[in-house]
Structures are given as C-alpha cells and as structure tokens.
Amino acid sequence: MVAFSAILQTALGLSAANDLTSLFGPYLSPQAEILYGNDTNFYAQLQQRWTDYKAPSYGAGAIKPATAKDVQNVVKIANANSIPFFVTGGGHGISDYHNFDGLSIDMGKFNTVERNAAGDRLTIGGAVKIHQLTKPLAEWGKELPLGSCACVGVVGATLGGGIGSLHGLRGLLVDYLEEVEVVTASGDLIKASETEHKDLFWALRGAGSNYGIVTSATYRLPEVTNKGVYVNADYVYPVSANQSFFEVLEQFDNTLPPRLAITGASFFDRVNNKPVIAVNAVFFGPLEEALPHLQPFESLQPEMKNVSSIPAEQMMDAAFFSFFGMDNGACTPNQHINIYTVALRQIHAPTFQSFYSKLVDFWNANPTYQGRLLIQRYSNEGPMAVPDDATAYAYRDVKTYMNIEGFYADSALDDAVNEFATLGRQEFVETSGFDQLAVYSNYARGDEGPVAWYGERKLPKLSALKRKWDPEQRFSVNNPVPLHWRTEL
C-alpha cells in the first residue's frame, strides 16, 4: 500500500475529486465503492433521501466505505485535499442542504445487527434502520424507544435525542446508548462512553452529527412491556370536531399517562373533498387498562374507529388505517416535502384552532397541496427521569412535537408554503410554553438556529467541545454547533 503520509502532504483541493479512484482507491477495502456523478443512475446507487427539498449536491462523487478503516481514510484524504463531505446514514433528514456540494460518504454498508451473549446489549452499524430491529426485538422479548417511522436510521435518530411513542414510559433512545465507535474529524477511530472520552460522549448524545461519524453503537436492552402486546387505537373525525379535539389534547397536558402515546394527523381528503382529523393512540399495556384513557376520544363520536391489541412488531403498519399508504408515506423516497416544526411545553387549544382554520383555507386555495398537521403527544415522564446535564439533548420537558408538513409535487408552491408555514410556526411559538422557538433537531429544517436546536444553556459547552473535536468544522453541514458561543465572547 502507498505510504499514507504521501497523500497527507498533498493539497489538491476539490478538483482532486475528479479522480476519486486514484486519490482514495489505494486506501479502501475491496468491498468499498467509489461512484462518480456522471455514473448511470448515480443517485439511485446512494441512500435515497426522503425529500428532495433543498437537497445536497455531490459534484465530487460518492464513496461507500465498508470498514471503519475505510471511513478513517476517507476523512483523512478529504481533509488533506480540502474536499467537503456529507455523511448519510438512514437518509431521513429534512434540513436545508442545498448549499452543500462535495463528496457523499454513504454509510449504507454499516448495517449489521448483533446481540451479546447475555442478550441484554445490542450493537448496530451506523446505517441500520428501525425496521431492521422491530422483528428481532420482538423475538428476543426486548424493546427500545424507537421512533414511529420504519425507515429512519437508528443511530441518526439517537444522536438527535431519539423520541418515540415509548419514550413516556422508557425515556429517550439516547438514554439507552452505552458506547459508540466514532471516526473523529482528524480521522481517528475511538470509542466514546461514560468511561472513555466522556466529554465527546456527552456531546454526541443530542448534537451528534457535529462531532464525528458513528460506525457502530451499543445499546442496553430493557425487557418488553406487557409481553410485547400493545393496544392500537385509531379514530377518524370530521372537521367539525376540531375545536373539541384540540381541547381534549390540551386536557392531557398534565394527565397523560406515560404508557399512552397520541399521534394526531389532519389532512385533506381530496377524493371526498373534505378535511379529516385522524388519531392514533398506542397504549403499552392491556386493553382493559387502556380503555379509560381512550374515553376522551370515544366521546368525540368518531366516524371510524378501531381499537385492538396487536403484537409490538405490527404497530407501525397498523396506525391510521393506512390512510397514507405503506409506512404512512414516511418511507417513499424523493418526495417534495417541506416541513416546519415546533416543540411545545403545553397545548394551547385556541392557537391550534386558529391555525387549523387557516390550514383549511390553504388546502382549499391550493388543490395540489397535500400537506398535513402532525401532532406527536408523548408524556415527558420518561425523558425527565434523566438529569438534564447528563446529555447534550436540551428539551426533556417537551410534551408535544408538532410539524406543519408540506407534501406537494410542484416546487412552484414553495414560496406560498414557506410564507404560510413560517407564520404558522411563529403563532405556535408564542403559546408554546418556551420563551423562544424550540425544536427537536432531527425535525429541524435548518433556519431555526443553534438556540432552537440545542438550547442556550447547552451551547457554551457544545461550542468548547466543537473547538476540541472539530476545530475545522468538517462536521458542520447539519444544524452546526458554532465554534464560539456569544456567552463566551
């Protein structure tokens, strides 16, 4: 093999990427792949993005590493030649990356799933997706507070906090992370945990994309709840129920039990030309214990309903009567999806009612707009059980995650959607219970800023760790932590 130091002494710039094979090839394993932008179906060979809105460009081509050593070498060579890179795991991020043009590091080959001999620890590759874990976890009698979308990358979700329907009972996914193997900005491969590189481990758990490339992650596995049988309840209401529906959600602010997770979605039924409100409620326990908690939704006199006990591994496909197709539309790649998000400490029913009226008007005025209002209402009891300073994740007290999700094919609608959703987002911020905009960073679109992503109190430490672990800001494409925060200046 050619001496690696020879490559490190060069500084060829982005133009060096015109010949990725000669630049990177000698330092990659046989299983690694190098792709060029002019290759047939170039983008089809990469992990497909969920949305094409403000997507990155890969003018420098792409590399699909197969080993941790491959990742190290790619980072080192890219650094030495001033080639910007963008790392993709599950491909479900929605931030604005349109200003990025460089090299894609596609982690798709890091998809292993391994359980230890004792059966209480799980180690996965950096690109493993949620659907790869649902069946094994059920077979093992274990569970993790995974998200509700099957195609999301597990590690990517974890590094942003890891919310999901189980987190009221189990806490955040990040709280089950015990160790990561990570390639740092210098190209070093290290382990980070509560005992090794503890400061980096703290930062990775909440702002992880800023500090390295996780090649593998190890989680502890709790026993499954109620022998792996959960209650799934679906309800559909007419638009006339919207006021009562939002009042019910508000009443849950201080009464939502940790075993109950509520997801509300309102969309426009173009076939029948009417708005619809749908609710999926999951109760992690037996049916007889669930029914009293579901009574508020029963009292709203749904047009359709289904309440049943089903195995844990079937939960994702059972939700919402499959109104939105397989995986409820969350796994179809390259849709034009434009999302605005807000984290709420409280539900303010009048704000929801006011916005909903405007949303109905927007639907009617824009017949090709298939947007929806998504409300994820989870107890914060599980997240709050872990001290705030234990991880970089900033918003353990959030009770509701709300998205204004714009689904539409014609990008000519972008300006109208952005204007409408920006005003709507600000309306929710004013009654959110927070002093300013707060968001779950994995839902961020990119314009919210560091305080919204990571919280004012976390940023001084995060910035100090950014200077230590990534002073050249190689990992600053996605929701970047600034090198210096204003309280330090």
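Just so you know, glycine gets a Cβ as well, placed from its N, Cα and C.
Swiss-Prot annotations:
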type	residues	note
SIGNAL	1-17	signal peptide
CARBOHYD	Asn38	N-linked glycosylation site
DOMAIN	55-224	domain 'FAD-binding PCMH-type'
CARBOHYD	Asn242	N-linked glycosylation site
CARBOHYD	Asn306	N-linked glycosylation site
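Neighbour density around each Cβ, counted as other Cβ atoms within 10 Å, peaks among the glycosylation sites Asn38, Asn242, Asn306 at Asn242. Comparing Asn242 (N-linked glycosylation site) with Asn38 (N-linked glycosylation site), their Cα atoms are 51 Å apart once rounded. Separation of the C-alpha atoms of Asn38 (N-linked glycosylation site) and Asn306 (N-linked glycosylation site): 50 Å, rounded to the nearest whole number.
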